[in-house]
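What Swiss-Prot annotates here:
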BINDING   Met42, Gly194  substrate binding site
BINDING   Lys117, Thr167  ATP binding site
Amino acid sequence: MMQALTNPFPIGSSSLIHCMTNEISCEMLANGILALGCKPVMADDPREVLDFTKQSQALFINLGHLSAEKEKAIRMAALYANQSSLPMVVDAVGVTTSSIRKSLVKDLLDYRPTVLKGNMSEIRSLVGLKHHGVGVDASAKDQETEDLLQVLKDWCQTYPGMSFLVTGPKDLVVSKNQVAVLENGCTELDWITGTGDLVGALTAVFLSQGKTGFEASCLAVSYLNIAAEKIVVQGMGLEEFRYQVLNQLSLLRRDENWLDTIKGEAYE
């Protein structure tokens, strides 16, 4: 599988990525998208949301800080994406706790997102498996992958055009015909908020460049994890680590051989 991935850099066109995300990670996502060579826009007002979605090359929907107005805008943008075949990533933030968010994600499945993303607890909750998630965080008790992989394979038969991206100590990417178990990363990424959201935004970037949902998911989660691995963290504080994550995102794309450092396996 690693050999099947091709280097997406340099970015061929400076795509516009529409992020409907939360206020907490908004700035990090914008800078991360810029670091890869694309352009971000953040618009979630129902009065203008379609103006920006129609100009975009990919849509990223993140359910953090959901409100009634934002939900209305999300539904409008998702419907447009479905009708116009615009690549779409849905990040199921907080569905372990919020019945409103879980219901919204299940409705968004009707719009056939290209990628459905979440942590282990969130995805287990969505597909009806036992979970221990609290708030928006995954539980260490939910890291068993064998039962989850089987259920996700079944879901991919129902939604054949969609890939699942499940983040955790080992990241899972599941599509109708392929499964990847990826092992890059470092625990220090948990030091700062928004890194999971950033993976979703980077997935949208790679979708805008013509990658499949499976390819874009593998590239996005591996790219962030490998960038983080390059940071020397001994004695480093939170803010410096956050700065270096964004710094490495802009530098790693210069390495023509970065794909060779992806750890993991894939099978059909």
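The backbone N, Cα and C atoms fix where each Cβ goes, and this holds for glycine too.
Features as recorded by Swiss-Prot, highlighted on the structure.
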| residue | record | Cβ neighbours (10 Å) |
| --- | --- | --- |
| Met42 | substrate binding site | 17 |
| Lys117 | ATP binding site | 29 |
| Thr167 | ATP binding site | 27 |
| Gly194 | substrate binding site | 22 |
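Cα to Cα, Thr167 (ATP binding site) and Gly194 (substrate binding site) are separated by 13 Å. When the alpha carbons of Lys117 (ATP binding site) and Met42 (substrate binding site) are compared, the span between them is 19 angstrom.
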